[in-house]
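Trainee: After the structure tokens below, expect a handful of questions from me.
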Amino acid sequence: MSWIDRIFNKDTSSTSSRKANVPEGVWTKCTSCEQVLYRDELRRHLEVCPKCGHHMRIDARERLLALLDKDSSQELSAELEPKDILKFKDLKKYKDRISAAQKETGEKDALISMFGTLYGMPIVAAASNFSFMGGSMGSVVGAKFVQAAEKAIAENCPFVCFSASGGARMQEALFSLMQMAKTSAVLAKMREQGVPFISVLTDPTLGGVSASFAMLGDINIAEPKALIGFAGPRVIEQTVREKLPEGFQRSEFLLEKGAIDMIVKRADMRHTLASVLSKLSNKPSPFVEPELVENEEQSKSDNE
């Protein structure tokens, strides 16, 4: 072996040794700017890239625990889990897909709901888990949503739902399509009772979910750059054979066209929801608004 070969072999072995010393999952990459990020730092930022502000997908349970006051959350309908009633099989058996998704996520299905408080205000909150079969809506997701809405009616408190879904679950056929009617019907009941429902649309919200409860909020909020629509842009382009406008179906485009009410960054979501809900519920704000504090301080300085 020549002296050059020895140098290169030494460098390679030392690099491999260094890589072996780094535990798996310590680093990750932003899906937008592709910056390498420290995993714990990204988690502290609620899965929002600290470099470019891109909102990555966040685990449903993690989202709800970050929203609700500490130690106030009580999970609802935790015992419900899907069954393969139709004995459906595509490339894989549906029951095998369920088992794989449950093993991967540690959850029973694609929706988690909780009862808790937000700045001391009682609320019911639910969130879709896109990692569980694309957040698709089947019988259990529909049942959990309905039971969460019924809980909000019983407690006379607001209901907030974060959507992240590819739509209805095809493996459940008509049973999944029925959930569109069920979820819409319970929201009509909430409206009759005067119970507020806030829908938060996250990336992506598509198909039967966007065509039912996700767009039926008293206030519809979206996260930045979330993909929202019925069919995806690629399907639409192939159907109409035209190039879609830049940013088509993104939350900024929908806000401009009046399809949603506001866009809220994830870091501001707790404060914004509490402020909106206090107004919808006709209750005092649970905190002093920052603008009011600034105005009061300005008035004092002017008087002096």
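Just so it is clear, glycine is given a Cβ too, placed from its N, Cα and C backbone atoms.
On a predicted model such as this, the values are computed, not experimentally measured, just so you know.
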Trainee: In Swiss-Prot, which of 30-52, 99-121, 122-144, 260-282 is labelled zinc finger?
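Mentor: The listed stretch tagged zinc finger in Swiss-Prot is 30-52.
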Trainee: If you count other CB atoms within 10 A of each CB, which of Cys33, Cys49, Cys52 wins among these binding-site residues?
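Mentor: Top count of Cβ atoms within 10 Å goes to Cys49.
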Trainee: Might you list, by sequence position, any residue in that chain lying six or more from Cys30 (Zn(2+) binding site) with a Cβ less than 8 Å away from its Cβ?
Mentor: Leu37, Cys49, Lys51, Cys52, His54, Met56
Trainee: Treating G and I as helix alongside H, and B as strand alongside E, what does DSSP give for the zinc finger (30-52) in helix, strand and coil?
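Mentor: The composition, in the requested order, is 6 helix, 4 strand, 13 coil.
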